[in-house]
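> This is the structure, below, for whatever I ask next.
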């Protein structure tokens, strides 16, 4: 079992450069080890990022003002770890897993060197043992369960225990705090272990026990353009790059509200503090459409905003994914929303510059692509020993400067994700929300989704490809019309253009502030998409471009009204009949 050394190494500061300190020490220090720097009776948390002989470079997670040459540094003997156990949900952490609500009680402003336990030690949890004396277990096996909200939170053999252990004692059912010993065990060498409800794990190491399996279940998010044009599977990875003001954060908030997953980890890494405040104000009052419970019951927030130290941005990303992996091991489906990975990459660039490493493109470190790949590879679906499956879906927002998708962070991300939802400034300016551009977005999961839906909807994949064809052709025809006008193109092209505009306006665009249209269930999407496919296949008889435009504008209005009606209500059914009758008045034949 991995344990913390009882002896601590000490050293002293010999050079300070911003939040990077050079420290000389006597003893043994590991890469990634946590250190504490003494400043005016406060101890500032830091991480070892480079070891050279008897000197190390450490990045401090707080303001290093007043740090002087000779300041005492103590090395803790353990890596930067996450504390995992009951009580993570409904909490708001910073990048070092301090509970911000507890810190707020002590002072209006965050004090330097003040840290609190990640899990409340006073809360009592109803514990039900599952293991019995004599059971032979390995890491990740269940010792018992507690009820956390409406989830069965599995208390597992710690992942730091790499040996088979035999249970020698189990606590009886009852209410206990997280630091209560709930089981004891012994390994083959006779070493004794005591297990509590809490375990710790280094955040930069993958937290997984079981077999990775191919993703095979659709993640319904209630956004038509995502579910249809750019689908994602549970356990998949996707990114949402876009310029300032394109709607990245609003889209991520929508995903956190309506995605068909069990747990949502919202990692606000370097974004504006106002957006985090909006989440904290809204979520407790919003209802999860899948369970009817408060959204906060399934949400954990790590809000390392741009006003916090740059060094903590990196730790917040890794903390978020470690918590997500922990819940995946319980057989739950988890969605991690990282907003934004560009701020994390900028933190890497800053630290790399202070380490005087050879820079890569745009001064980002040469290892940027491998760091981003390692982050996204921690996602995926996992089958546990008991046959249950859990998944971790990762969505990373990318904020390229000026909306330039050719910059290094976006390109490194595109090479490893399974779907790309590119947000367009032009669509946002035209108020075509969500502003995901279907012309540049893609998904590697489209064929798999078609196979999954084959029993329910025959030819789904081909129908989506046909819709993409109309979008591409309509876009090209629209560009020609800007030059030669409507009179300069044949009626067949005019028809294709109007069909593509109808599909964009009535299907791809969605009103996030409408109580009905904000979330479109998959069954409703299938019915609406079938209507769109029928319109694509239809042939119409128009004697002039004006008549064609008038007809499609009327059709747009009827379908848009239909989108605001409750699914399968009397108003919805009447609206659908009106649309079908209107189609039949101009339809000549069906291909």
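Cβ from N, Cα, C; glycine included.
Sharing the record's features from Swiss-Prot:
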BINDING   242, 243, 244, 245, 246, 247, 248, 249  ATP binding site
> Using Cβ-Cβ distances, find the residues under 8 Å from residue 243 (ATP binding site) that belong to the same chain and are at least 6 apart in sequence, listing them in sequence order.
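For residue 243 (ATP binding site), the qualifying residues are 399, 400, 402, 403, 423, 425.
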> So which one is it: of the binding-site residues 242, 245, 247, which has the fewest other Cβ atoms within 10 Å?
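Counting other Cβ atoms within 10 Å of each of the binding-site residues 242, 245, 247 gives the minimum at 245.
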> Which residues, in sequence order, are found in the same chain with Cβ within 8 Å of the centroid defined by the Cβ atoms of 242, 243, 244, 245, 246, 247, 248, 249 at the ATP site, excluding those residues themselves?
399, 423, 425, 428, 435
> Go through 246, 249, our binding-site residues, and report the one whose Cβ sees the most other Cβ atoms within 10 Å.
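Buried the deepest by this measure is 246.
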> For the binding-site residues 244, 248, which one has the sparsest Cβ surroundings, going by other Cβ atoms within 10 Å?
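Among the binding-site residues 244, 248, the lowest count of other Cβ atoms within 10 Å belongs to 244.
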> According to DSSP, collapsed to three classes, what secondary structure does residue 248 (ATP binding site) have?
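DSSP call for residue 248 (ATP binding site): helix.
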